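**Student:** Positions annotated as active site by Swiss-Prot: C113, H253, N283. Here Swiss-Prot flags 254-258 as region 'ACP-binding'.
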Amino acid sequence: MQSIGIKGMGYYVPENVFTNFDFEKIIDTSDEWIRTRTGIIERRFASKDQATSDLATEASLKAIKNAKISKEDVDMIILATTTADYIAQGAACIVQNKLGLKKIPCFDLNAACTGFIYGLEVAYSLVKSGLYKNILVIGAETLSRIVDMQNRNTCVLFGDGAAAAIIGEVEKGYGFLGFSIGAEGEDNMILKVPAGGSKKPNNEETIKNRENFVIMKGQDVFKFAVSTLPKVTSDALEKAKLKVNDLSMVFPHQANLRIIESAAKRMKFPLEKFYMNLSRYGNTSSASVGIALGEAIEKGLVKKGDNIALTGFGGGLTYGSTIIKWAY
């Protein structure tokens with residue numbers, strides 16, 4: 001049976017660092033308040049001339065290089081994002097153009113912070129079908145464009161960044177071992193941008209009421225996350241026919257330190273085996289899990305044969321996890 005996995009990873013974060021002390025200058029908050037409640041110290045913000053597709057392209061070039069393939073070997077692009085360059089056009093098509101590729105199918109996928117994991121399962125299924133050989137999966141966001149810099153409860157949480165993976169055939173016995181994804185649509189109002197869509201188009205009133213920015217019911221998100229992360233990871237492990245102690249490392253969605261700590265306790269898995277970089281990048285939504293994995297690979301923390309879990313949750317509400325036996 002064909003084994004399918006990640007052939008190469010890449011990630012990119014903008015150069016502009018925005019610290020908690022920078023927030024102290026513009027809103028009523030403090031480094032201590034942010035750090036103790038979230039675990040975040042700083043985050044990256046895209047420059048004025050950078051769009052989501054620009055970040056995605058940078059990460060993609062690194063993934064292609066690390067997969068040791070040429071750009072022309074890529075036969076599909078899937079871009080998970082909530083912050084596409086334009087409303088009526090998929091940013092994946094813009095990435096295709098920036099990479100200098102032609103004709104290959106490209107589409108955006110919106111599963112909020114779980115988007116990268118959703119994209120991995122879609123790519124896995126398409127490669128398994130035999131229709132495609134090397135699918136580029138990207139998670140990319142410019143969340144700084146949709147956060148309200150007057151709302152201290154949300155603006156301090158988010159950052160910009162991108163991660164990309166090449167999905168294709170890997171050495172037999174390695175690669176994806178199990179997936180679990182799902183959604184609870186009845187909770188769709190917990191995390192959203194109220195205006196700007198077909199339900200409530202932007203107008204003078206929505207802009208005045210600051211409805212074109214992210215709003216979030218923090219306590220509801222916390223409760224959902226700490227209960228869902230262990231369950232969805234356990235389900236993916238069951239499909240992979242593994243136990244939690246078979247894992248070398250877990251790469252959780254980088255939303256909040258307290259969420260990750262609570263999930264670790266419920267999973268009865270050592271916190272030190274949860275890779276975390278949210279202190280430096282904040283919550284980059286669909287990019288967060290991929291950025292964490294890409295960074296860990298660069299540091300030599302992920303080795304061939306390691307069993308790792310990628311797990312996340314997001315607006316929708318969505319959730320997902322995949323278990324991978326690392327192939328290189």
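Cβ atoms are placed via backbone N, Cα and C, with glycine included.
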**Student:** I need the CA-to-CA distance for C113 (active site) versus H253 (active site), whole Å please.
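**Tutor:** C113 (active site) and H253 (active site) have their Cα atoms 7 Å apart.
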**Student:** If you average per-residue pLDDT over the region 'ACP-binding' (254-258), what number do you get?
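**Tutor:** Mean pLDDT for the region 'ACP-binding' (254-258): 97.
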**Student:** Would you mind pulling the DSSP three-state label for N283 (active site)?
**Tutor:** strand
**Student:** At the level of the C-alpha atoms, what whole-angstrom distance separates H253 (active site) and N283 (active site)?
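**Tutor:** Pair distance, Cα basis, whole Å: 8 Å.
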**Student:** Validating a neighbour-count step here. Other CB atoms within 10 A of the CB of C113 (active site): how many?
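**Tutor:** The Cβ of C113 (active site) has 31 Cβ neighbours within 10 Å.
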**Student:** By DSSP, what is the split of the region 'ACP-binding' (254-258) into helix, strand and coil residues?
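**Tutor:** Taking each residue of the region 'ACP-binding' (254-258) in turn, the totals are 2 helix, 0 strand, 3 coil.
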